[in-house]
Amino acid sequence: MPGDEERGFLAAREELASALRWDSAQVFPLEQLMPLLATSLPPAARYLQLDAGRLVRCNAHGEPRNYLNTLSTALNILEKYGRNLLSPQRPRYWRSVKFNNPVFRSTVDAVQGGRDVLRLYGYTEERPDGLSFPEGQEEPDEYQVAVVTLEVLLLRTELSLLLQNTHPRQNALDQLLRESVEDGMLQLSEFHPLLREIVPGPRPSAQGSTPGPCFLCGSAPGTLHCPACNQVSCPACDILFHGHPSRAHHLRQALPGSHQTASLSSSLPASSQPRPPSSSLALGDSSLSSPDPANACLPWHCLTCATLNEPWAVFCAVCSQPKGCKVPGIEGSHGTGGLEPEPARDQWACQSCTFENEAAAVLCAICERPRLAQPPSLVVDSHDAGVCQQSLKQEDPLLTAAQPQVWYCDHCTFCNSGPVWVCAMCNRTRDPIPTQPALQSYPSSLEKGRPKPGSSQHLGSSLPASCGDPEKQRQDKMRKEGLQLVSMIQEGETAGASPEEVFSALQYSGTEVPLQWLRSELSYVLEMVAELAGQQDPELGAFSCQEARKAWLDRHGNLDEAVEECVRARRRKVHELQSLGFGPKEGSLQALFQHGGDVARALTELQRQRLEPFHQRLWDRDPEPTPCWDGLDRQSLVRRLLAVYTLPSWGRAELALALLQETPRNYELLDVVEAVRHSQDRAFLRRLLAQECAVCGWALPRNRMQALISCECTICPECFRQHFTIALKEKHITDMVCPACGRPDLTDDAQLLSYFSTLDIQLRESLDPDAYALFHKKLTEAVLMRDPKFLWCAQCSFGFIYEREQLEATCPQCHQTFCVRCKRQWEEQHRGRSCEDFQNWKRTNDPEYQAQGLAMYLQENGIDCPKCKFSYALARGGCMHFHCTQCRHQFCSGCYNAFYAKNKCPDPNCKVKKSLHGHHPRDCLFYLRDWTAARLQKLLQDNNVMFNTEPPAGTRAVPGGGCRVMEQKEVHSGFRDEACGKETPPGYAGLCQAHYKEYLVSLINAHSLDPATLYEVEELETATIRYLHLAPQPADGEDLPAYQARLLQKLREEVPLGQSIARRRK
């Protein structure tokens, strides 16, 4: 039965796993993880899925801090893989993990057992380029992923505490390293894949046995063993092979019996790599084909030129042909010059290392050079050839035991050090001619075994001729690679990437698509650089991605050098800030992290923090008291004004002080300063500082007053706010004019736009938000009413835009249908008929219409506003001056001509311009209402127009008698619609006298009859003076009828009754 401690551990573990499943981005504080880390349970009981002890032991090579850092970094990446699988929005390619991912290669794949952690996540299907989920599995097992992710998180936290020496159990590392095999085997069934990978491979030969040859060159003895690659190599080939970024973190160990005495890290110093001793050389042609490893370290004869070469040489020292290669046409001492058999069709031989690769391989499996790569150039520098010839002649015995430690590459002129044969810059093999001093030890054998190859002069002259084509190929290849690099840089600049970023991406990853790599992988690399830099020197704090990016670009993508550069740069910046008085305790590390390593911005932030108390005291203090302007030290007051308020000159400061010292002191300091900046005229300044409000008479400085663009009136802020607030809430939009002079005239469309555009800015700063919103609403309605497509509903007085051409319109508010022209309620009988025909049909066939009599006729011929087209079902009796409630337009209800206010009439000859008036045509009800009914009837009879003198048939009488025309009457409770009720004389068709005259005048206007035909001479003279502004006089000898006929003709010709009347344009 499990104990209490184990049960508590399992319960806490399940709780954290459930929280991780619920929120994959959950960050567990150290206090929450500490109970799981401080338990006394062994690792096998704490890590049920992950074999943590074996994972640590199999990667424990070298210093504990180094391999714990490497393992912690790999676990951090593995934890991110698990969190991505638990996230609701997983990455696009979550189903597979690619081995060529640079972050994966340099972190997870650099430790033993990393891939099997991925298999625990569910990546169980092997692919040639990586791992993936099985095809039939649609979703990952969330419980399994959560448990494994939690154990990875716990192990990473435990390693971090060990690195910081803060682990609650001091023997935690010993527990992980010394766990017995029996405890590890308890979990063999659960974690069998991990055991298979992390069990170390077989070591090379035991102590005392002869090491095998290098797996790369096959000549030099292997002295180093790489457990990750399970290969043995010589020091020179080890530097070349493990210089690749994917193998840079492999740990190598010296083989027993070799000259290496300690395990080697990923970077081996050149001075510590021994050369094979010259005493091991032995002559004999049989050694070339001996399969015995002991004989593999013997010198070999070139099959082309028969030159004896050292055992570790890959190319011939004279003809530069690979080992075992025959060239037709050149016969050696051991061959006939025949062609060497070609490789099989399913294989190809590498031109650099002669390894035979599979036909489908693009890169060599040994040296990773491309299939079409040319062999190293055979051009020999003249200086090196001369040194070689001189060495051959002198036969210095010291050269047999000494190897030059510094040599220059013939291709890139890079200075290499140590006994390496491959250039560290361009990966070209060094020229073997000057590195063959061992040949001087066997002159007799060389002379007896083969013919002499010729003198040194012959060698120097024959090489350029035989190597011309390879040199041209090398130059062509360099040109092609350069053009490819330029093309990639241009493509990167087009996409926004700098040339340094493209080049660094190529150097780091070797990818052919650097832009795609920069978008997908650069962020992970920068995070790794920042994390490694922080682990290298924790005292420097956290590193930002901007610092990591700069260091990575400066070091052209070299990860290790970028980490070193990042640390060096941070140390330099911290020292610079510390010299300025801001050390780590003052927050310099945090400031550098926040501002991406920018010293200037970090210094600004630190200075701001240091000045924050001063600013706080400055603003928290009470307002500074106003100085006494009557002080004895006048010069001090002037200097204070000049300095604090930045006045333009000393004279302006004295003028401001003089105004402040005047009595009575009605001026404010800021008002005086503002006024003095604009002028130095004292009289003008006094007027500027004491502007009188045109409404209330309050005196204020000019800069506090409000003014409209339509007039020169100055209004104080309080009057301005109250006037426009009342106008908005209780009046029309056209009443928002100057409260003092009443300008501008908002009936003019040209003034309307410019006035309201400026007034909008002033009202925004003066009115309350509710009043300002009401202003915008009313202004919008006023603009819509000016649209020619705007239409008022005849039933509910709702306005809307009607863009159709049909006469039948439906109101969107009350959904009633009416005629667009005559405003009558739409009936099916109106379809296909004009409005006049429909009205005649209703008079004849509609009983309700007939029952109303002539009152319905007057109601249908109500008042329509000529500006906004709003209809009023009112009779025209009473005052003819009508004020529209919708648009505030003033007009005559009889002729629809406008009424003009004082001094607003556009007629220059108008004699009543200084009063409210209107200009009416002679057939307007304004004049004809003074005629008697009999005279109006005579005008209709003279023109054969029928009219009613009795109520139409079927008309119902009003209870109590009286006129039936509906009127709006004012009562105590408001307005009420009711019948006129006045007395109806006989012969007036059931109407009162006023409404009967209105009925007759409407017939006269409908038939365009001219009442001037019934004018007397006095009426003709009055009409001539009114419309023609002339005082007519009878001609000499002209009788009265002729004079009357002449005035009538003149009036009808010069003042006709046509379409100029607004009523007829309705």
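Each Cβ is built from the backbone N, Cα and C atoms, and glycine gets one as well.
The feature Zn(2+) 2 binding site is assigned by Swiss-Prot to CYS711, CYS713, CYS738, CYS741. Neighbour density for CYS738 (Zn(2+) 2 binding site): within 10 A of its CB lie 19 other CB atoms from the protein chains shown.
Positions annotated as compositional bias 'Basic and acidic residues' by Swiss-Prot: 469-478.
The domain 'PUB' annotation in Swiss-Prot covers 70-141.
What Swiss-Prot lists as domain 'UBA' is 558-609, and the listing cites sequence analysis.
According to Swiss-Prot, the region 'Polyubiquitin-binding' annotation covers 1-479.
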State the count of C-beta atoms found within 10 angstroms of the C-beta of CYS711 (Zn(2+) 2 binding site), not counting that atom itself.
16
I want to check the contact list for CYS713 (Zn(2+) 2 binding site): same chain, sequence separation of six or more, C-beta distance under 8 angstroms. What comes out?
ALA694, ALA707, CYS738, ALA740, CYS741
Neighbours of the Zn(2+) 2 site CYS711, CYS713, CYS738, CYS741: Cβ within 8 Å of the Cβ centroid, same chain, sequence order.
ALA694, LEU708, SER710, GLU712, VAL737, PRO739, ALA740, GLY742, ARG743
Mind tallying the compositional bias 'Basic and acidic residues' (469-478) by DSSP state, helix then strand then coil?
10 helix, 0 strand, 0 coil
Can you tell me the mean pLDDT for the domain 'PUB' (70-141)?
88
Checked against DSSP, the composition of the domain 'UBA' (558-609) is 42 helix, 0 strand, 10 coil
Hey, what's the Cβ neighbour count for CYS741 (Zn(2+) 2 binding site) at 10 Å?
13
If you run through the domain 'PUB' (70-141) with DSSP, how many residues end up as helix, strand and coil?
32 helix, 9 strand, 31 coil
